[in-house]
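Record features, source Swiss-Prot:
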{"type": "SIGNAL", "residues": "1-18", "note": "signal peptide"}
{"type": "DISULFID", "residues": "31-165", "note": "disulfide bond"}
{"type": "DISULFID", "residues": "52-68", "note": "disulfide bond"}
{"type": "DISULFID", "residues": "100-258", "note": "disulfide bond"}
{"type": "CARBOHYD", "residues": "123", "note": "N-linked glycosylation site"}
{"type": "DISULFID", "residues": "144-212", "note": "disulfide bond"}
{"type": "REGION", "residues": "172-186", "note": "region 'Key residues for binding to FVIIIa'"}
{"type": "DISULFID", "residues": "176-191", "note": "disulfide bond"}
{"type": "DISULFID", "residues": "202-227", "note": "disulfide bond"}
{"type": "CARBOHYD", "residues": "253", "note": "N-linked glycosylation site"}
């Protein structure tokens, strides 16, 4: 009985932190192969190494971070293991890339968003399907999901073969303001993480989704380094603030402007 009570208390403590047990594994645990059909990997024609992630939002469009822009991008869809391909994996290249700023620049707290139109639409399959854009902004206190092929250790760079997933908490923007003193008073970014540390998005997770209630609410942008430090949440581009711009571009209004 004592053992059962101890185990129960540990479980409650674990759930209260909204994180999975891991010895400072930044990305959490291996994602279920069927839970991320919208997650895409980016590499270049010269290198097969994944350097960023992105999100399929319909059969012809991918959403990622502006900092993930490169020449000769290759977009891999339906991928789980880098070394054991899925039968339905597909590769695409960009037809067009859209940014909030014509100079393709961004700041650490603003406009870190890139919309990619694929040269050919993808075919939905077991491991390929889009994720919905947000219908409303996320609420403070929400438990949201992050995922990607980013490093899974804090002391050195260790890239996994498969994407890792973890749950983190949505905080008020003021929490990040107190940590990162140069943040402006207002920003189109979201503040999310685990205050106890140990769970975080990190290098190569950039551009990937922050998922709340089954919708993409954020794009991995930046945070403290080393990653997963206590009391240092990360910043995510607030997708809801850019929804009108995204939908206008997809509808054919390529001169649409981002919110100021």
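Every residue, even glycine, has its Cβ placed from backbone N, Cα and C.
Feature annotations (Swiss-Prot) mapped to structure.
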{"residue": "31", "record": "disulfide bond", "CB count, 10 Å": "21"}
{"residue": "52", "record": "disulfide bond", "CB count, 10 Å": "27"}
{"residue": "68", "record": "disulfide bond", "CB count, 10 Å": "20"}
{"residue": "123", "record": "N-linked glycosylation site", "CB count, 10 Å": "11"}
{"residue": "165", "record": "disulfide bond", "CB count, 10 Å": "20"}
{"residue": "176", "record": "disulfide bond", "CB count, 10 Å": "23"}
{"residue": "191", "record": "disulfide bond", "CB count, 10 Å": "26"}
{"residue": "202", "record": "disulfide bond", "CB count, 10 Å": "25"}
{"residue": "212", "record": "disulfide bond", "CB count, 10 Å": "21"}
{"residue": "258", "record": "disulfide bond", "CB count, 10 Å": "19"}
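When the Cα atoms are compared, residue 68 (disulfide bond) and residue 123 (N-linked glycosylation site) turn out to be 24 Å apart.
Within the set of recorded positions 31, 100, 212, 227, 253, the entry lying nearest in space to residue 176 (disulfide bond) is 227 (CA atoms). With a 10 A radius on its CB, residue 100 (disulfide bond) counts 24 other CB atoms from all the protein chains. Taking each Cβ in turn and tallying the other Cβ atoms within 10 Å, the top scorer among the recorded positions 227, 253 is 227. Residue 253 (N-linked glycosylation site) falls within neither a helix nor a strand when secondary structure is assigned with DSSP, and so counts as coil. Across the region 'Key residues for binding to FVIIIa' (172-186), DSSP classifies residues as 7 helix, 0 strand, 8 coil. For residue 144 (disulfide bond), applying a Cβ distance below 8 Å and a minimum sequence separation of six or more within one chain yields 138, 167, 168, 169, 170, 192, 210, 211, 212, 217, 218.
The two recorded residues residue 52 (disulfide bond) and residue 165 (disulfide bond) have their Cα atoms spaced 15 Å from each other. Residue 202 (disulfide bond) and residue 258 (disulfide bond) have their C-alpha atoms 27 Å apart, to the nearest angstrom.
For residue 100 (disulfide bond), the nearest neighbour among the recorded positions 31, 123, 191, 227, 253, judged by Cα separation, is 253. Of all the recorded positions listed here (123, 227, 253, 258), 227 has the Cα closest to the Cα of residue 165 (disulfide bond). Under the DSSP three-state reduction, residue 258 (disulfide bond) is assigned to coil, being neither helix nor strand. Rounded to a whole number, the C-alpha distance linking residue 227 (disulfide bond) with residue 31 (disulfide bond) is 20 angstrom.
Mean predicted confidence for the region 'Key residues for binding to FVIIIa' (172-186): the pLDDT average there is 93.
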